[in-house]
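**Q** Among the features that TrEMBL reports, domain 'Peptidase S53' is placed at 183-539. Taken from TrEMBL, the feature active site, charge relay system covers 262, 266, 455. The annotation Ca(2+) binding site is assigned in TrEMBL to 497, 498, 518, 520.
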Ligand SMILES: *[C@@H]1O[C@H](CO)[C@@H](O)[C@H](O)[C@H]1NC(C)=O
Ligand SMILES: *[C@@H]1O[C@H](CO)[C@@H](O)[C@H](O)[C@H]1NC(C)=O
Ligand SMILES: *[C@@H]1O[C@H](CO)[C@@H](O)[C@H](O)[C@H]1NC(C)=O
Ligand SMILES: *[C@@H]1O[C@H](CO)[C@@H](O)[C@H](O)[C@H]1NC(C)=O
């Protein structure tokens, strides 16, 4: 047996309760080596860089599966080893590169030569059966990337923290006539960014997917009546539009107003901004950790015949919530979606440079935003255009800077000299990529209320891209797919740079990153400019 992965100590906040019962069943995920992931990365570059001759020539999920399916000898080596010693084994990902196994603690301790303990988290009492290390037979090790979550103490996906803030619950008379300074609503978003009212292509396959997660600590629903009220009030021209629902793992989209605000924001600022773009709320009953929750959606998207062309997620985790090996597997999943031509859009988070930690000695990057194959959206205020103090951003400690971005991140880092040196990884992938309005009004439980956070920015940016895609389809061109190689090159003309404002950092509301001319880790490259993007795309 060869030691494969280990951690030196249990993450802070967790306490060992003792040994679990040897007959207790647990679930684990085996990531097997993939046939040709470096080849797939090259393919993604060739379909995503506007200068490439195969720009926009996306692969089918079946073609992508050829790159990531395990080599036959790897699959059989792993199957021969685990099958006799587990209760069940089945493919988790469509290509079969990730297997889901169910087995007893005793079986797992034998297979992986380790000792499990039950751990509890002091903040929420969540219990996890984990070990500090695991080993693999030397004959099998070369076929396995990692096994999750033996040593991973990963919490579920988190909502960005600010969106529960009802900053202002004004019930102004004649709300539709109120200035945008008082009530940011879809018409304001349309005006700030020049976003048109509705689609013109008539395409039904150009659609937006909207992520929702439910778990013990997180009930999120998108309410149909609240959306109807919202559209009647703020988008009477598309009143009556609605959304479809996809339920994963037994989720239910409850309509009893027992949820939080996230699902409401995400649906109202997609259906309500991307006029007439078909919208699907993908709700996952996620009782697992964030790595598995993010994978659930990747697997769902890869198994759709006509997946949404744009997908927005307003949930995030600290990068270290995931082990580097699990984060890499998830990010390789986003690489597969890039190859298929899906724009994956994530809110950057609401904790500034430090995820709201004060007195820290290093900044805290957020995942999935740090994955180079997604587009991360920070928050700004529109009047005057200023970065939002809580807009999360910074540099990855797991993923190195991708080529499409390197000139921009280097220019920013040169401009700040040695400020914050040692608090971040100067060679890491920088985020966010772009930004959008962070504070809007929604309808919740029948009432109009203001909410804030990058939770608002991600669906707004996704709606902008969905309507750009609509114009591309009308012009007979492919949709944008993975956005970043475009955004950091010719697509800069489709964004308005935001140059003022600062994010919070380890010393509170000061001490984070400064917004600046060009890319910066608060507002990215800037906010949507629809006419500019039409120009940049030549339509
Ligand atoms: C991996 O994929 C690349 C890009 O398609 C291809 O050029 C290369 O031949 C592939 N390698 C193998 C071993 O299949
Ligand atoms: C796995 O199962 C085989 C066949 O039943 C058995 O001989 C072997 O001891 C088991 N290995 C472990 C590590 O439990
Ligand atoms: C593996 O973890 C156990 C505690 O569960 C510890 O006693 C042992 O020293 C660790 N081994 C290695 C190689 O880290
Ligand atoms: C958008 O819709 C509003 C309300 O129906 C209308 O007043 C406005 O002219 C429309 N704008 C465009 C650009 O079509």
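Just so you know, glycine gets a Cβ as well, placed from its N, Cα and C.
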**Q** When you measure from the Cβ of residue 520 (Ca(2+) binding site), how many other Cβ atoms are you left with inside 10 Å?
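**A** Taking all protein chains shown, residue 520 (Ca(2+) binding site) has 31 Cβ neighbours within 10 Å.
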**Q** In three-state terms from DSSP, label residue 497 (Ca(2+) binding site) for me.
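**A** Note: residue 497 (Ca(2+) binding site) is coil by DSSP, not helix or strand.
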**Q** Which of the listed recorded positions (262, 266, 497) has the least company, meaning the fewest other Cβ atoms within 10 Å of its Cβ?
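**A** Counting other Cβ atoms within 10 Å of each of the recorded positions 262, 266, 497, the minimum falls on 497.
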**Q** If I take the Cα of residue 497 (Ca(2+) binding site) as reference, which of the active-site residues 262, 266, 455 has the closest Cα?
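**A** So, of the listed active-site residues, the one sitting closest to residue 497 (Ca(2+) binding site) is 455.
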**Q** Just to be sure I understand: of 266, 498, 518, 520, which recorded positions have a C-alpha no more than 10 angstroms from the C-alpha of residue 455 (active site, charge relay system)?
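**A** Close recorded positions: 266.
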**Q** How many other Cβ atoms are found within 10 Å of the Cβ atom of residue 455 (active site, charge relay system), counting all protein chains shown?
**A** 31
**Q** Rounded to the nearest angstrom, how far is the Cα of residue 262 (active site, charge relay system) from the Cα of residue 498 (Ca(2+) binding site)?
**A** 26
**Q** Would you mind pulling the DSSP three-state label for residue 518 (Ca(2+) binding site)?
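**A** Its secondary structure by DSSP: coil.
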**Q** If I take every residue in the domain 'Peptidase S53' (183-539) and average their pLDDT values, what number comes out?
**A** 95
**Q** Give the number of CB atoms, excluding that of residue 518 (Ca(2+) binding site) itself, located within 10 Å of its CB.
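**A** Taking every protein chain into account, the count is 15.
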**Q** Taking 8 Å from the centroid of the Cβ atoms of 497, 498, 518, 520 as the cut-off, which other residues in that chain fall inside it around the Ca(2+) site?
**A** 499, 515, 516, 517, 519, 523, 524, 525, 526
**Q** Give me the CA-CA distance between residue 520 (Ca(2+) binding site) and residue 266 (active site, charge relay system), in Å, as a whole number.
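**A** Given the Cα positions, residue 520 (Ca(2+) binding site) is 25 Å from residue 266 (active site, charge relay system).
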**Q** How far is it from residue 518 (Ca(2+) binding site) to residue 266 (active site, charge relay system), counting Cα to Cα, in Å?
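**A** The Cα atom of residue 518 (Ca(2+) binding site) is 28 Å away from the Cα atom of residue 266 (active site, charge relay system).
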